[in-house]
Amino acid sequence: MMAAPVMADWRAALPEVRGRIGFDVPLGPVTWFRVGGPAEVMFRPADIEDLSRFLAALAPEVPVLPIGAASNLIVRDGGIAGVVVRLVRGFADIEVQPDGIVAGAAALDATIAEHAAAAGLTGLEFLSGIPGSLGGAVAMNAGAYGAEIRDVLDWAEIVGRDGTVARYAAGDLALTYRHARLPEGGIVVRARLHARPGEAAAIAARMADIRASREATQPVRARTGGSTFRNPEGDKAWRLIDEAGCRGLIHGGAQVSEKHCNFLINLGEATAADIEGLGETVRRRVRERTGVELIWEIRRVGLPCRGAA
């Protein structure tokens, strides 16, 4: 369901910015699934100040959706109304400190892990196994290989929908499994992760193990969006999906991965509706087989294509 009706001429009254604004920008090319309709408006802010001023001046009834690497996202075929804020170069800085790293929201998780390793810092190796960027990782308390963001987060800087910039301690965000309680409409722009000095060879070995594990068990070279469903407490989503007979299941141009069945794949010509429809079929079959209601981990945003059922 979309936000409240927006004034018809809002696009003509956009604030002046130092970044880039585009209209009806296709989102498929920037998502890992390579599907989805256009953003009514795409704003790529130059930096935090540019984003803050834009949001402060933007009519409050205009919906705003932030995206980063779009690695854990299905954009529906009808696109996204309002403004999509895409954080790119001005938000990708990484500063190595003696006991941690401060990084912009657009910094890739794997790149942060590499910077930490190069500085002899341990505790962030798990980030090398998480696709996407830091902003999304904080927003969903991403995790893998026995660790998650709440284990290492010191603070996050967030720009509110009204343009205010505030720093929140990790405890203020109530981080739980694949969830963070962000301020309404807030956009994570920077965060600090703590680490500790470690032995270079051990750090390198741990990261090599994570990369090898991903390569062996996940469809890392496919058009996918990472883990589709959250793991139910005490179980694994992939096991339930397999038990329900969904490994390799095809719907339109989308398929449940044969390699890891908690991953959905765009076989090449899938629509967002194909991928989301396949996910819903998997949820139904798992529910009928096991009684467990799988919860989406991948975010699904936007409108269905006009004329779609």
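Every residue, even glycine, has its Cβ placed from backbone N, Cα and C.
Feature annotations, reproduced from Swiss-Prot:
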type: DOMAIN; residues: 34-198; note: domain 'FAD-binding PCMH-type'
type: ACT_SITE; residues: Arg178; note: active site
type: ACT_SITE; residues: Ser227; note: active site, proton donor
type: ACT_SITE; residues: Glu297; note: active site
Does anything in the same chain, at least 6 positions from Arg178 (active site), have a Cβ under 8 Å from its Cβ, and if so what?
-> Met140, Asn141, Ala142, Gly143, Arg230, Glu297
What same-chain residues, at least 6 away in sequence, bring their CB to under 8 Å of the CB of Ser227 (active site, proton donor)?
-> Asn72, Ala237, Asn262, Phe263, Glu297, Ile298
Arithmetic mean of per-residue pLDDT over the domain 'FAD-binding PCMH-type' (34-198) | 98
Students should find that the Cβ of Glu297 (active site) has, within 10 Å, a number of other Cβ atoms equal to 19
